[in-house]
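Taken from TrEMBL, the feature signal peptide applies to B:1-29. Sequence annotations record features per position, and here TrEMBL assigns substrate binding site to B:122-129, B:135-136, B:172, B:226-229, B:237, B:253-254, B:297-298. Marked as active site, tele-phosphohistidine intermediate by TrEMBL: B:123. Under the heading active site, proton donor/acceptor, TrEMBL lists B:226. Taken from TrEMBL, the feature site 'Transition state stabilizer' covers B:296.
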């Protein structure tokens, strides 16, 4: 079992580890691992890992079948440090969709109106933090909306590494000068947080602030359904999903991917539409597939970026839940270092 | 000739005796503010009130109560000795009988009321507080404890009306405000305004009048930021002592007008914070809006210096507890300090003015 293979099939992901034994979680089924040399094919129902129970969730449409194989786990490049100074072979990319906002609760179309979290949304953020507490984070990207920023900051209060997120201010010269840090050690212990409107939720135009009934009265039920569920038809003065994807993916490619390539572990805290746009890019989904893609709120999603490829690794489980201990050897060692720091 | 203690003992006895007469005079209430403490009286809340860490019985109208208090005032959190006002000055102001509110049947503030609430909250523990680093304007978020402090502050102000919120441009103050408001009973929704550019304005537009009605605009400004600490930002206390010398650092921290290298003095911070308050927030208060300000130690003490007309000597020793909101009533152009609202679970005065008592009653009625 020193060698592990990752096999991704329709509707589920097998996560195997070299030293974690014979048991692993796949969605809501448990599967036994087979030794190297055997190829495992398991039929899963369409309900994927990301289902929260509330919505039917299709990670990939039934017609496409993706299988990718990862070779034996490689030894990490610099094994004695939790820092990521040297360019590692693989880095973590975590996506978190914020939890309930005050307008979600009231059933109002939110879009880019800057509405904060409810109590429940706060709890979801902290819970998300538990789940990623053992995954390294070197940089954080959020939208310019408070509900995504709060989600990131609340989640990081649970992180074990204890580096300090620092929000960068670039509005003007004064802002830059005023946020300057004068200690190299302190900068070393910081996680830069970069905010951008390009990671904002899809802008909903004239639907923003209206409830579902008002919009049906004003525009008609079918039109509203069309705006919500189509790929390229925008509401009046708003964005289509295509327009949202265009600016979100461009931002990801131009700003975030280079950081991943340079070895930084990244956390992105954003919104339903900006994140599914990015997932569309990571998983090479079609526009049809992305329309039905739903992200659970407050449940982080982990990707491993390795050799230019994005490998989906599912949702990390909370420390209190039974599950796979880590997703790669490097992450297992990272967690071990964190455990050692306590003793 | 009398020791302080026996003087107090005698005062308490007098209070107890006179209380019997006062029971028949509960329809009329007076507010009297003395050095080091505030008596908060209500027409319908009984005879008991909190003053700092002493309980005092009320006297009927016509008697003037003078009680000597130690310098530890309401704002003390137990951690630091807190002088709200230096011993030498003695301020006594008397507020006449509570006026009937102008529009009593509605929770909204469409009509200009006679008095509005101004709440100040200093954010709680940040990640650099925990590490003992000079923070200044570096945008460091809250710790778990800071989050809890914010929610606790929210409990304390849950019955006080809020029409607009002002915060600094730093996440720890913004989060404090948003977390506190999750506890507010009125259930209006804080909405952060975006004015960075045309796109930001267009993108945050709300298209329903009803929804706008139910919103509490949140305005962020760097002018409410913490004092900018220049070359001390990010250094710990030891590093700064090594680099600049212990006395210099002490001077920068405790003087009124000596800034650290490339930083602000308290005077400079006060200049921009008070100007912002006067130009932006005070007009809103004058137009009848209840305001919540969530900001930082130095920007808030600067504003308090303005509200209470403190001298620079007084403001240097002024310390604000973290996470404990401070209430002022703005009435006829004057700011009246009303102390820290208590959490609903604590014994305390039910409300601070008749208008606030009625506001709370409306909130209670909404539940039934």
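Keep in mind that glycine also has a Cβ here, set from the backbone N, Cα and C atoms.
TrEMBL annotations: computationally assigned, not manually curated.
Among the binding-site residues B:125, B:128, B:227, B:237, the ones whose Cα sits within 10 Å of the Cα of residue B:296 (site 'Transition state stabilizer') are B:227. Between the candidate recorded positions, B:125, B:226, the densest Cβ environment within 10 Å is the one around B:226.
In this structure, the C-alpha atom of residue B:122 (substrate binding site) lies 10 angstrom from that of the residue listed as 'active site, proton donor/acceptor'. For the binding-site residues given as B:136, B:297, the lowest number of other CB atoms within 10 Å of the residue's CB is seen at B:297. By a Cβ separation below 8 angstroms, chain A lies close to none of the recorded positions B:123, B:125, B:227, B:296, B:297. If you check the binding-site residues B:125, B:128, B:237 against the residue listed as 'active site, proton donor/acceptor', none has a Cα inside 10 Å of its Cα. Put simply, residue B:123 (active site, tele-phosphohistidine intermediate) is 13 Å from residue B:136 (substrate binding site) when counted between their Cα atoms. There are 14 other CB atoms within 10 A of the CB of residue B:237 (substrate binding site), with all protein chains counted. Put simply, the residue listed as 'active site, tele-phosphohistidine intermediate' is 8 Å from residue B:297 (substrate binding site) when counted between their Cα atoms. DSSP assigns residue B:122 (substrate binding site) to a strand.
Listed in sequence order, the residues of the same chain lying 6 or more apart from residue B:123 (active site, tele-phosphohistidine intermediate) and placing their CB within less than 8 Å of its CB are B:142, B:146, B:149, B:150, B:172, B:173, B:175, B:176, B:294, B:295, B:296, B:322, B:323. Spatially close to residue B:227 (substrate binding site) yet at least six residues away along the chain are B:136, B:263, B:264, B:265, B:266, B:268, B:269, B:296, B:297, B:298, B:299, judged by Cβ distances under 8 angstroms. In the three-state DSSP reading, residue B:226 (active site, proton donor/acceptor) counts as coil. Reduced to three states, the DSSP call for residue B:296 (site 'Transition state stabilizer') is coil.
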